[in-house]
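The structure appears below as structure tokens.
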Amino acid sequence: MDEKIHIKANGLKPHQECIIRFSRRSITKQFTYYWESYGHYAANQNGQVDINRQSSIRGSYEGVDGMGLFWSMTLKRKEEQESHAAYEKLQPYNILITLETDKGKILDKLEIQRLWKTMDTQVFHIRDEYLVGNFYFHKKKAPAIIVVGGSEGGIYDYPAALLASRGFHVLALAYWGEEHLPERLTYVPLERIGYAIQWLKNQSNVSKGWIGIHGTSRGGELVLWSAHKYHSIKAAVSLNGSAVSFAGIVPWTEQKELPPAWMFNGHPLPYASPTNPIDAALHCLAEWKEGKNPLPYWYRALCRDKGSMEKAIIPISDVSSHFLLICGKEDAAFDSLYFNQIALKHDINQKTLLVYENAGHETGIPYIPIRADLFSGGTKEGTAAASVDSWRKTIEFFQRSAEMYT
């Protein structure tokens with residue numbers, strides 16, 4: 001899924017204009033989705049189109065980008081699922097590629113399949129009161145990474161499968177939204193990470209001395225707190241996350257207090273803010289009902305009390321682990337750049353902050369469809385470029401760190 005492919009068309013007339021179109025169907029538990037992208041291209045004097053080198057004149061993307069047809073796919077329609085039997089979370093990514101005249105007549109077609117994991121990657125499902133997750137592993141000995149998602153809840157398999165395909169053993173770990181776990185992102189015990197670390201240490205195929213962790217969005221807070229509390233973690237990646245710890249996610253109401261997101265040893269970890277900014281909550285509720293995005297406003301409101309915010313800065317400065325923090329400047333979920341810069345203001349030792357222009361909250365896995373809408377932010381082009389670069393640097397970051405300890 002995260003590798004480039006090279007698309008060429010031959011046998012056209014010199015300078016003939018053509019269309020290359022991608023069509024794809026994806027299935028979830030509730031719906032079947034139909035996706036499409038296309039580009040208009042002019043053949044060269046030899047009757048060839050090479051989209052790695054030639055520009056899309058118009059279409060779902062423009063300019064030269066050999067993978068533009070992947071990230072520019074848009075949803076055309078969806079249908080309700082009559083049966084859940086066909087659902088597979090890491091279903092193969094089947095794409096029908098058609099070569100058409102500029103009038104839409106099909107000249108040729110080809111179907112390709114992209115996979116989330118390599119054929120030698122195996123999966124072991126863990127479902128008990130301590131751990132809920134999927135372990136992606138190989139027979140050979142290798143370093144291990146824990147992967148956690150964000151406010152969507154559940155098990156975040158996609159980056160886990162891809163990292164496993166790069167040679168790591170990876171535990172995709174749920175911390176809310178599954179059986180045995182909190183129903184909301186509130187009161188989540190950090191001990192879940194502690195259990196995961198110990199479980200990995202007990203696996204004979206996991207290399208000793210190094211464990212990495214990767215978290216997305218609100219999961220970025222969990223990653224940073226975990227690296228602070230558990231020194232077995234040697235490398236931590238926070239993607240579109242925050243180094244300021246925020247309250248748990250609950251409906252906007254007039255309740256005077258907000259619950260914590262994270263707990264340790266039975267006590268809440270510091271967060272912004274225990275006191276509910278009620279005026280902001282009601283404002284956000286009204287905005288949400290009107291179809292607007294109130295999230296940036298909400299997270300800024302949680303930081304009105306500077307004393308509370310200062311206490312909520314996750315103390316990674318006293319941790320010897322390696323850190324990689326990734327954020328887009330146009331993130332519409334919250335100001336990831338601002339909340340990361342606060343923590344790194346006086347500390348750059350072993351900590352890298354990657355900042356991407358025109359990139360939104362969808363920065364992450366490359367070559368998948370990007371919405372770049374009101375709630376994610378950025379542009380499709382900017383987020384696509386950021387995803388390619390940050391994903392490559394994420395893999396290199398984990399590889400370099402693991403080599404230092406194993």
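Including glycine, each Cβ sits where the backbone N, Cα and C put it.
Annotation comment: TrEMBL describes S217 (among others) as active site, charge relay system. Secondary structure at S217 (active site, charge relay system), as computed by DSSP, is coil. Around S217 (active site, charge relay system), taking its Cβ as the centre, 23 other Cβ atoms fall within 10 Å, counting all chains.
The feature active site, charge relay system is assigned by TrEMBL to D331 (among others). Annotation for D331 (active site, charge relay system): spatial neighbours N240, L337, A359, G360, H361, T363, S376, G377, G378, criterion Cβ-Cβ under 8 Å with sequence separation of six or more.
Taking all protein chains in view, 27 other C-beta atoms sit within 10 angstroms of the C-beta of H361 (active site, charge relay system). Among the features that TrEMBL reports, active site, charge relay system is placed at H361 (among others).
Per TrEMBL, domain 'BAAT/Acyl-CoA thioester hydrolase C-terminal' is recorded for 195-400.
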